[in-house]
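Visitor: Okay, here's the structure, questions in a sec.
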Amino acid sequence: MQKRGPTSEDDMGSLFGDGMTGKLPRFANRITLKNISPGMKLWGVISEVNEKDLVVSLPGGLRGLVRASDAIDPVLDGETEESANNLLSRIFSVGHLVSCVVMQVNDDKKEKAKRKIWLSLRLSLVQKGFTLETIQEGMVLSAYVRSVEDHGYILHYGLPSFTGFLPKASEDESRGPELKVGKLLQGVVKSIDKARKVVYLNPDLDMVSKFVTKDVKGISIDLLVPGMMVNARVQSTIENGVMLSFLTYFTGTVDMFNLENALPTKNWMDSYTKNKKVNARILFVDPFSRAIGLTMNQYLIQNKAPSLHARVGDIYDNAKIVRVDRGLGILLEVPSTPQSTSAYVNVSDIAEGEGHKLEKKFKEGTCVRVRIFGTRHLEGLAVGVLKATAFEGSVYTHSDVKPGMVVRAKVLVVDAFGAIVQFSGGVKALCPLPHMSEFEIAKPRKKFKVGAELVFRVLGCKSKRITVTHKKTLVKSKLTIISSYSDATDGLITHGWITKIEKHGCFVRFYNGVQGFAPRHELGLEPGSDPGSMYHVGQVVKCRVTGSVPAARRINLSFLMKPAKISEDDMVKLGSLVSGVVEAVSPRGVVIYVKAKSFFKGTIPFEHLADHQEHAMLMKSVLKPGYEFQQLLVLDIEGNTLLLSAKSSLINAAVDLPSDLHEVHTNSIVHGYICNIIETGCFVRFLGRLTGFSPRKKAMDVQRSTPLEAFFIGQSVRSNILNVDNETGRITLSLKQSCCSSTDASLIQEYYFSEDKIAKLQSPTLSGTELKWVERFKIGSIVEGKIHEKKDYGVVVSFDKYADVLGFITHYQLGGSSVEVGSVVQAAVLDVAKVGRLVDLSLKQVFVNKVNNESSNNHSEKKKRRREAKKNAELNQTVTAVVEIVKENYLVLAIPECNHAVGYALIYDYNTQKAHQRQFSNGESVTATVVALPAPATMGRLLLLLNSVADVSTTSSSKKARKMSNFNVGSLVQAEITGIKPLEMRIKFGVHLHGRIHITEVNDDNFVDNPFKNFKVGQKLSARIIAKADSSNKQTNNQWELSIKPSLLNDAHVIGEDFASEDFNFTAGQRVSGYIYKVDSEWAWISISWHVKAQLFVLDSASEASELQNFQNRFPVGKVSTGYVLSINKEKKLLRLVPCPFSNGNHGEQQKIDDSTEQKLKDDVTAHMHEGDILGGRISKILPGVGGLVIQLGPSVYGRVHYTEITDSWASEPLSGHHEGQFVKCKIIEISHTAQGSVHIDLSLQASLDGMGVQGTEDLPNRNGNCKRVEKIEELRPNMVVQGYVKNITPKGCFVLLSRKLDAKILISNLSDGYVDNLEKEFPVGKLVKGRVLSVEKLSKRVEVTLRTSNAAKDEKSRTDSLDSLQIGSIVSGKIRRVESYGLFVTINQTNLVGLCHISELSDDPVDNIESKYKAGDEVRVKILKVDEERRRISLGMKNSYFTSVNGIQVPSDEESDELIRENGHGDEIKQMLPSSNSHGIQHMINDNESEEDAALAQAELRASIPPLEVTLDEIEHLDEDNMIIPEEGHNNEVIKVEKNTKREKKKEKEEREQEIRAAEERLLEKDIPRTADEFERLVRSSPNSSFVWIKYMAFMLSLADIEKARSIAERALRTINVREENEKLNIWVAYFNLENEYGNPPEESVLKVFQRALQYCDPKKVHLALLAMYERTEQNKMVDDLLEKMVKKFKHSCKVWLRRVQWLLKQHNEGVQPIVNRALLSLPHHKHIKFISQTAILEFKCGVPDRGRSLFEGILRQYPKRTDLWSIYLDQEMKLGDTDVIRALFERATSLSLPLKKIKFLFKKYLAFEKTLGDEERIEYVKHKAMEYAESTQD
């Protein structure tokens, strides 16, 4: 283009240059469509960001377009390729100020207003003149982010001569948005590295907005960039602006719309005096005319786009006139919100013919009505109109157009593409040709006349492109429109038009581009008809919304206005298995009549007939109507039409196939089928429309072919789930054979199954009886045939008996023998093809002789048979096989190592069916795995899986390996120090190899502080390699371990390849040293060597509390630390140290960890603790009441401080001043070990003890009196003054803690001299009391104390009851106190004596059920049999024979029976071990007047009621009645085992059992209930495998409100009980469930955590049933439902589980029983069906609907009419209901059957017994008569 010089015209549209002519311009420079030309540089603001272009608002209200290719420099295309779709929106945003260059202006002379201005934002054009020499520090430059590095960003300025860099620190300072590749930013030049040609940028927005371009001599106009800020001087004012001079050489103008004041008045010139200094920014530069436009807009000066608050189309009634420009227009102030906006109205938009009267009609300060119809974004100016016509009509601008609105418009142009119409406001729209009429029109000009006004409806408005329709149905429609995806609500009926018709449905378009889809079954089509025959593209249809997903932009439609109603029970679910019969074979697939209640029809696509493509095509050709498919998978449901699949791979995996995105899990292998293939990958579909995509790189291991060449549509595949994006709903898969190969025989089995189906279908009858010839040709058998013909590729053999069967012998199988036509041969069968009726034979001797040898050796010795048996192939065995025959799809193989057994293997897998297959040859050796042993279903074939099918060649780069192989462990190298850190020196050696020298590898066993002080960076030294780098590790730094120890440098023989492992030979107690390298609040970490670490626990570091508090400061990093090994973890190479030496002493011998030891910290972690040691501890828990303190001594070691051991003196509140987490100094009093290896440590905090460091404490115990602590019961004597703390309160009194091992009881009568009104209030737990000893029983360790000071206190209450009053043989009366399974406890009247009447003494005859005959409270007469005064026991008898000889003599009621049990107050101690009284399940508490032995026997009752730990018989199927352990205080405990009653045991066994019960009872009565933790500990040590004892212990801890302790006891029990005692362990787990259910937080999660752990140790089914019983008992119905649903899936073959599911539904009165029954019958094995159906029927009779039970019985009796057991159960249920007529009718049916005599006799007996119960003699005779007739008929 010719360069233009300055114009001579002073026109407003002209461009004024530098004023070379010396004449000042009249008007300011303005850019218009007339003078804009390519090459101009403009400043603009982005107003729209589209997918393919940008819209830029330019000076003067012009609008420019930027193509995506011109938006960024080509050099960035590679970096931004991945996000090309949203590239523009990611880099640019609306309001972004940009500098641009005009590239092209459309030369449309006819319509200049529509000329398009094409721009470029490429920096290579905008900053074209910049060089490294012209750039100055402080200059503002624009740049793209080219790449993101670790320390900053590489920038691109558009020029190849230099590049840029932005440090990340600068980005933080700028506080700008996150920078990504391709981002356009502005920054100030921070520095320039001319040597490297790098310009460093600072993107601080404040600096960019304030920077002013410096005045540089010789600056060229090419360096002026729009947006550059300059200092300028006012040169003069002109009519519509100001002329400015800047940068010495340049002159520019500012028009009135770019002045400082956005609303300049008519006196605006007064503000700009000559030489006034102002700041301005360059608005545009014309390099040809050298015209420059500037702006002083305050927003633009701050480098911000002006804000516009007025919208296009808005009407303002009170717009204020600011200035009137004669002949030009008027400036208005529009009252927009939140602030006013300036608007300009051109003279042409004011009124027709009034342009010359502006000054007269419009006065400044008055208000007018204006409508906004445009904006000038860059100037922040609105463009208005005052014409009256502008306020008429609903559409004036594009923003007024709304989809769906009905408007009138005038036709402007009619063409082949449609018609252009214009609304009344001047806005134009397009009516496409299809929308000009309801029907297709050939001549649109006849339909539409130019100038005609018609009615249209707006279809959409996108990017100011409006489309309308003239379709009559749409224009007149009154239905609700859909203009966005959110408008589509379920059930909405609306109009739309069809845009596309497919076989599977129609696509329907709505307003504003919204689109929906109507599937085929919703089109109302007749079966088999095509959618195109009923509908056409462009047709307007009424449709109903059936579903929508706005986020996925998806709408489902139906052309049926009323949805079909199908009950939920009849619905076939997605993924379910159905059966069906072939109805027809259509071109689209096989039409199936599905056997379902709702009479579904389904279609099987041809590719879904089999997993193998070849078989699928054969099935298509041979399928006939009437053939039944036993199993078909429902792939998709389209209304009442099902999409089915007969692929075995999908049917077998039906349970695991996903139908929803949430069912897909990464890294899982899922079966599917390929539904579509494109160049870039494959789409794999599962159930429904759930589809995943496998990119090309993830579809094949070797990228030699395209997906179209490697896969086919419908192919069965195994897919590996790589990624699931829940937001987009996309699933990424891998089909690589290396990760999706088969692991079983499913594919090859399906091959032979399909072949069998096809062979049967090819036979004339569906039964396939013609295939009996196959039985003669068994695999491996010898057959006789005649050579029929010789071919080039082998020999054809015929068989006399089977003329249509041919045999074939390949040359390879002739075995070198020559045969002639007509000769008879004996050959071995290698393979049989049923479809082709072809038999592959072999004459090889290894096969022929093998069969002959097997037949001749049938009677050989056992040893020989064993040797032969060893040669048989085993499942999963890897074998080497020889290829015998190469078939099209599989190989026939011989396995020499298995006696030449014949095997079969496919040459492809699921994912490689079409891919290039490896070629095999006869005699070739292959490796294979046995996946299935011979079975009849596969004709006795041994099935193999070729290992080569899954092999994928992997190659790895070995450069690094070769480089590293030059150095070995022990090599001496020369190294250079590259860095020194506190604990290591980094070095480099060899060729780019790096390593380190650990701090422990400097000196030989001489640990000194700072061993690196004599070394410096750069120093060269010799070092020896002690450990090799791991080449598999990507981290290359610090991988080589080196040493500079003098001993290693001098002698390399001490180092070997296994140096590191040999060096780990530490023993417990060994002294080691190392360097501290890390310290936290709990541990100090010590480096012993480069590969051995150690740790020191905080509580092991000191005993003083102050030192423990200052733990971290005492161990600084780098300090040398020495300790002694306590425990060793060889796997982690980790030691635990203690600071002081120790000996194991009594805790076990010192251990040495050798190679055979496989333990993790299994050493005695308390080996350093001994009785009398002073240790540091930390209070872990303050137990409630008088529980004391739990002190932490180690990471997992805790001790307990008794309540009396907290303080030296008897303090009223010993716990005051103590809190959890507090460090304390304590002394070990006692350490005890259990048989299971656990340790119990008793501690004391008394400062007066030896070693505790407190002086002058001799009088501490006497500070509160002369009473001291009593540790042993031998120290106590009567009347001795003692002190103690109240332990607990009972109705009889209270118990007091005297010391750690001694308790005392105080009866209520001895608590005070006066009356005690409120026992709990006056004697709260923990109160300090002082009293005198009344009595001491040393054997039983029982102490009684009184607090009374008066003479009313007596040593002991006199005993009025004496055994002396009882006489053996006397008869007395009494009352039954308790009924036990082994006898009765009887209280003798008028005494406190209780005796036992054993079950053997109750009656002369055996007593079957003692509980039903006797009840507590019954009056009885008893005979005194025995009185044991020494043991104070009474034995009683109640046999009738005892009373007949005495004639009923009565003995006074003072006397009692078997056992004397005195009231000593211990009955209330049971309350200590039970939860509080408000806990459910406590049925009985021991009363005050009950005896001690009675309290002991209460254990039997308490066992069943330990809330909340009950273990009921419902939860455990066989809960043992043994392990009832009753401990005795001060004595060893015994386990009393009571065997369960059995109904059919012999009399002798019963008598022996009664003797055992008697002996056990005598031992039981000697025991007492444990009431302290110590007693329980002794109890569990004696009976470690008794779950009953452990549960009692847990209940005791719950009674003390110590939940955590109860949990820990449960954990101990699970670790302690022997693994063989599965039921005992299960009892503990159930108790644990109950514990967490009551006290867990939250209970549901706590129970589930315990449940998941229990599954790992116990039978999962029993654990599930136990948890289910707990949920049922606690009425957690929701949890029961969820658990049962999981159980029927997990244990689908368990009849019991299904019955529990049915039982629960019936209990809940749920009607959904039948679907569960159907599911159960599908899941359960066939042999369990009778049991399940009969039990379900019984449940229906009991708690359901009897009619349903009858239906079940009737159904099963139809199949098994001769099962008398079923008839008997059926009759029993009916008899329970009591309907006589129904029962008799059922008996008549049963006795009319033809049954064996023995079975019919049973039924007649039952019939007769029933009639006898009714007492109808006539019916009784009738039954007898009928029975006789039946007997006579059978004899005849």
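Numbering starts at 1 and runs along the chain as it is shown here.
Including glycine, each Cβ sits where the backbone N, Cα and C put it.
According to TrEMBL, the record shows the following:
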type	residues	note
COILED	1533-1567	coiled coil
DOMAIN	39-122	domain 'S1 motif'
DOMAIN	227-297	domain 'S1 motif'
DOMAIN	313-387	domain 'S1 motif'
DOMAIN	404-471	domain 'S1 motif'
DOMAIN	491-560	domain 'S1 motif'
DOMAIN	575-647	domain 'S1 motif'
DOMAIN	667-736	domain 'S1 motif'
DOMAIN	780-844	domain 'S1 motif'
DOMAIN	970-1045	domain 'S1 motif'
DOMAIN	1172-1246	domain 'S1 motif'
DOMAIN	1279-1348	domain 'S1 motif'
DOMAIN	1369-1439	domain 'S1 motif'
Visitor: Where DSSP helix means H, G or I and strand means E or B, what are the helix, strand and coil counts for the domain 'S1 motif' (970-1045)?
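Guide: Breakdown, helix to coil: 3 helix, 33 strand, 40 coil.
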Visitor: If I take every residue in the domain 'S1 motif' (227-297) and average their pLDDT values, what number comes out?
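Guide: Here the mean pLDDT over the domain 'S1 motif' (227-297) amounts to 88.
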Visitor: Can you tell me how the residues of the domain 'S1 motif' (313-387) break down into helix, strand and coil by DSSP?
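Guide: Per DSSP, the residues of the domain 'S1 motif' (313-387) fall into 10 helix, 38 strand, 27 coil.
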Visitor: I'd like to know if the domain 'S1 motif' (313-387) touches the domain 'S1 motif' (404-471) in this structure, counting it as a touch only when three or more C-beta pairs sit under 8 Å and are separated by 6 or more positions.
Guide: no
Visitor: Quick one: DSSP breakdown of the domain 'S1 motif' (575-647) into helix, strand and coil?
Guide: 13 helix, 36 strand, 24 coil
Visitor: Based on Cβ pairs under 8 Å, which of the stretches 227-297, 313-387, 491-560, 1172-1246, 1279-1348 lies most in contact with the domain 'S1 motif' (575-647)?
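Guide: Out of the listed stretches, 491-560 contacts the domain 'S1 motif' (575-647) most.
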Visitor: Based on DSSP, tally up the residues of the domain 'S1 motif' (404-471) by helix, strand and coil.
Guide: 7 helix, 36 strand, 25 coil
Visitor: Considering only the recorded stretches 227-297, 491-560, 667-736, 1279-1348, state which has the highest number of Cβ pairs under 8 Å to the domain 'S1 motif' (313-387).
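Guide: Stretch with the highest Cβ contact count: 227-297.
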